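Student: Encoded as structure tokens, here's the structure I'll be asking about.
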Ligand SMILES: [Zn+2]
């Protein structure tokens, strides 16, 4: 079957009486769904007793699905485990850094370094792959479920402690080398053996050495990646050629320590769960934030597309509910995901569970199993737009701009947010300050409707782009700075953010004036800096006549941080203007010509108004044809299989809008020929 654009639904037949199965499947088929994702929490059903596998339930279900020509994506159900496994070895339960041992009966409670859990999971996945790998109707696999979510990227149990010591010894070889690079002379924390090194449990007052914390994040990421890779390798040996392998990542992509590029590199595609509103949020995430996350997921895998393994259908939460989006907006979020590179949508979930932890996670249908308003909108949208969306859904998203992030910097921010403005923690285990800052830097591309990729410092191919935004690049790799310099010299345009170049890859403060390795490239010195917390400072744009006029009539602001700049070869394009700041009048933004290219240095994070005016100049100078179509209007350019360029217009407002001569209804989507 064609994989250009898959429409699917997440279904849990084990939670329903089997008399409902056939009518469920028949309705899915009639509505136009092609595929069902299931089984990702079914370990106790598949292996009710150690080593005794029972596939009868899912065999029966797949028989029915095949009868109605539906295909299947199977999840490996290792995000939970059967209770007999915990009875066998209670030490498989993970210990959170807050010293609480996770309980059986929740999810993601196993330690990914526990040998008994690893072995049982591998045996289970082998049995599943042996049984279902040959089956034609299986078209894909989802590895585990939301690996690392809900704080499960960190464990401090004894299994992890042993693995941590092995990991450190491999990395540093000698304890003397570790002591030197961690700076353990400080506070007398010098070690004499690797097995003395603690796992960083939460402390009452002072923290652990940030070098230890950064390595612990790297170690924890490697743990999760190895966990997933072990399963991929087993399935790969048994999977038929048409079956893809993915996993489902989760919102707030950089809040966890796991390197998701590493995670999906041996899979066939990245996958994630798309919930633009969740829990007790009183409004959805801003549409540019969702675009940021969608583009981030797209950038994780070289295929250039991704799969949404869980797409919002009904209102969602575990203990509290919040904003109810209109059903038209639910359909719009689907189309936004496809516009940004999704080529498979699985709605979560077919029908709301009557019981248990997710009884507040509403599906396409409610527990009463009658048609809902949102169901009608979801199905109508799918049926009406699928013919046009599938002409480009599996094609690469063209982009001449790229936002670049750094995984180690994201890890560091969890421990050292630097400014209250970066310290955003919606839950105790989630620090989303770096995500929020990156989304702010992505916003101008959404505002001006310029397609923009998101790539990491280790995977970005600079030559694909005219313009690179690199915010807050603290942990600075010398080789990458050299690549950037060469690229700018050849004509690239780089927008560099505050605090860049301030640390080495060992997390030492750099031993030269800031911005460290970027000094010549940016043509400035950073003479001082201030954390602005949740406040701001006024700034005055002065690059163009329009900027000068704007600065007279409105107050532009910088937020989060203020680097005070001294140009060496750069031109000043904005100054601080704030009577409460002693550095008022000092340069805030600069632009430096370097070879054939230019480097902007933004010493503070521009507020939305400043962003709007500033990026108008930046995009123009970089030769990118940005076009503002109104607040709430998002336009994404795509190229169809036939090579035709089209524009997907998304109206994120509750008002009818006229855009480029076309009328878009509230929360509507239109695909037009590009003009
Ligand atoms: Zn552990």
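Yeah, the Cβs are placed from backbone N, Cα and C, and that goes for glycine too.
The shown structure was predicted, so the numbers you read here are calculated from the model rather than taken from an experiment.
Below are the features I grabbed from TrEMBL:
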- 10-376: domain 'Glycoside hydrolase family 42 N-terminal' (DOMAIN)
- 107, 145: substrate binding site (BINDING)
- 111, 155, 157, 160: Zn(2+) binding site (BINDING)
- 146: active site, proton donor (ACT_SITE)
- 310: active site, nucleophile (ACT_SITE)
- 399-624: domain 'Beta-galactosidase trimerisation' (DOMAIN)
Student: Around residue 107 (substrate binding site), how many other CB atoms lie within 10 A of its CB?
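Tutor: Counting Cβ neighbours of residue 107 (substrate binding site) within 10 Å gives 17.
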Student: Where does the mean pLDDT land for the domain 'Beta-galactosidase trimerisation' (399-624)?
Tutor: 95
Student: How many other Cβ atoms sit within 10 Å of the Cβ of residue 111 (Zn(2+) binding site)?
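Tutor: Here the count is 26.
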Student: Find, among the active-site residues listed as 146, 310, the one whose Cβ has the highest number of other Cβ atoms within 10 Å in the structure shown.
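Tutor: Top count of Cβ atoms within 10 Å goes to 310.
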Student: Of 155, 160, 310, which is closest to residue 107 (substrate binding site) if I measure between C-alpha atoms? They're all recorded positions.
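Tutor: That would be 155, the closest of 155, 160, 310 to residue 107 (substrate binding site).
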Student: Given a 10 Å Cβ-Cβ cut-off, pick out the one of the binding-site residues 155, 157, 160 that has the most other Cβ atoms nearby.
Tutor: 155
Student: Looking at the binding-site residues 155, 157, 160, which has the shortest Cα distance to residue 145 (substrate binding site)?
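Tutor: Spatially nearest to residue 145 (substrate binding site) by Cα position is 155.
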Student: Can you tell which of the recorded positions 111, 146, 157, 160 lies nearest to the residue listed as 'active site, nucleophile' in space, using Cα positions?
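Tutor: Considering only the listed recorded positions, the nearest one is 146.
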Student: Beyond the listed site residues 111, 155, 157, 160, identify every same-chain residue whose Cβ lies within 8 Å of the center of their Cβ atoms for the Zn(2+) site.
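Tutor: My list of surrounding residues reads 94, 95, 112, 113, 114, 156, 158, 159, 161.
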